[in-house]
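**Student:** Below is a structure I'd like to ask you about.
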Amino acid sequence: MKVLLFLFFIWTCAPTEGRHPNCNFLLEVERDHAECLRRLREEKEATSSRKESGCRGVWDSIACWERAEVGEIVTIPCPRVLKTVFGRNGNISRNCTSAGWSDIFPNITSVCGSNTSQDKLIFYTVVQTLYTLGHSLSLIALITGSAVLCLFRKLHCTRNYIHLNLFLSFILRAVAVLAKDDILFNRTSQCSNQPSLAGCKTSLVFFQYFIMANFFWLLVEGLYLHTLLVVIFSENRHFIVYLFIGWGIPAVFVFVWVMMRIYLEDTGCWETNDNPIPNWVINGPIGFSIMVNFLLFVSIIRILVQKLRCPDVGGNDQSQYRRLAKSTLLLIPLFGIHYVIFVTLGESIAEDYKIFFDLALGSFQGLVVAILYCFLNSELQVELKRIWRIMCLNAHLSGHHSNSTFRSGSELMAQSHRNSRAQSIMQSETTVL
């Protein structure tokens, strides 16, 4: 655990040399510009002996137009940089007139640009705002909950150790999402002429690892509760296994994903998924963990119903099972039921609904986990009430002691005052005599 916290600290504190996608775009435009100028220069040198007529070759900030005669219509495919970004394979044209080049037709945005409507852009902005808010609130709640679980020694047990690792996975997931957005969507990023992609790719690697680790720790929560209800086991021995499932297995798959990216799709900042194989290396294990967690959820419900209906269950055992059901079963549907619904229904559900539930509402999952696993924990509430009573008792005793001291001091001061007054009277009388 200390090693993980140390690595997390180093990663968050180290400066990231990521390259913003806008910088990628501008860099590609500069390369196309240089290539266009080279071609136009060679064309001009080849035709220098002839009288120049018609329209000269030009660079119009996005596309290269070679020399043309008056009345000639020049048609070229969409600029390479726009084709890379938007993936559209249209054609644009310009007419060479006696007055020079005409405007581009058809409109370059409608042919080569994004076909996303304004409503779609507003929807994506709202979703980004919601999941930024959700991850921020989750971070505050999870860090507070982790501190509480670490500070109270009476809460130190295998169950809460697993909760603490789950909290840490949610914290790392939230930090990774916010850091990735800062790299990919920060419009104030400064672009250099020769930027490095190493930092950007490293951030994406951590992002994939933390996302997968979070899903696998959700799976560990389900495995732990199911094992707790089914068999008697040594918690310490199984905790090592849980650590390997939660942190080790995701590391293996992310390593494979990095290798797939390097050899199959080493493009840009690895933010695109044109090749399905690297994408499945990440999403396949996550989908498997969701399905297993759902099956565990169904099995746990069946076991708890059987135990609660059993006439041999005593009062203490029954209250224990009810407490387990109340504190944990509320979370298991949150772990993956909506993902299971999306997988089952497939394309029948609109992509917007998937994005909204996965990103916008899913970002508040860490907040709900912290509330249910920590702040509503009956053991924590008992401990907090005990500490509160001790503080109130100490304050009461301190106040009682102060009042007693004050009364004793007042009496001594009054007595001292009477003595001094008597001595003063005696001195006055002696003087008169």
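Just so it is clear, glycine is given a Cβ too, placed from its N, Cα and C backbone atoms.
Note: TrEMBL annotation is automatic and uncurated.
So TrEMBL lists these for the protein:
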DOMAIN    35-116  domain 'G-protein coupled receptors family 2 profile 1'
DOMAIN    127-377  domain 'G-protein coupled receptors family 2 profile 2'
SIGNAL    1-18  signal peptide
TRANSMEM  130-152  transmembrane segment
TRANSMEM  161-179  transmembrane segment
TRANSMEM  206-232  transmembrane segment
TRANSMEM  239-260  transmembrane segment
TRANSMEM  280-304  transmembrane segment
TRANSMEM  324-343  transmembrane segment
TRANSMEM  355-376  transmembrane segment
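I'd like to know what surrounds each of these features in this structure.
**Tutor:** On the 0 to 100 pLDDT scale, the model's mean across the domain 'G-protein coupled receptors family 2 profile 2' (127-377) is 79.
Here the transmembrane segment (130-152) has long-range neighbours at 160, 163-164, 167-168, 170-171, 173-175, 177-178, 181, 359-367, 369-371, 373-375, 380, 383, meaning same-chain residues at least 6 beyond its ends whose C-beta is under 8 angstroms from one of its own.
Counting residues 6+ beyond its ends, the transmembrane segment (206-232) has Cβ neighbours under 8 Å at 11, 158-159, 162-163, 165-166, 169-170, 172-173, 175-177, 179-180, 238, 242, 245-247, 249-251, 253-254, 257, 282, 285-286, 289-290, 292-293, 296-297, 299-300, 303-304, 307, 324, 328, 331-332, 335-336 in the same chain.
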**Student:** DSSP on the domain 'G-protein coupled receptors family 2 profile 1' (35-116): how many residues come out helix, how many strand, how many coil?
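**Tutor:** Output for the domain 'G-protein coupled receptors family 2 profile 1' (35-116) reads 24 helix, 21 strand, 37 coil.
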**Student:** Other than its close neighbours in sequence, what residues sit by the transmembrane segment (161-179), given a CB gap under 8 Å and a spacing of at least six beyond its ends?
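**Tutor:** Contacts with the transmembrane segment (161-179): 1, 4-5, 8, 12, 16, 131-132, 135-136, 138-139, 142-143, 145-146, 149-150, 203, 206-207, 210-211, 213-214, 217-218, 220-221, 224, 239, 242-243, 246-247, 363, 365-366, 369-370, 373-374.
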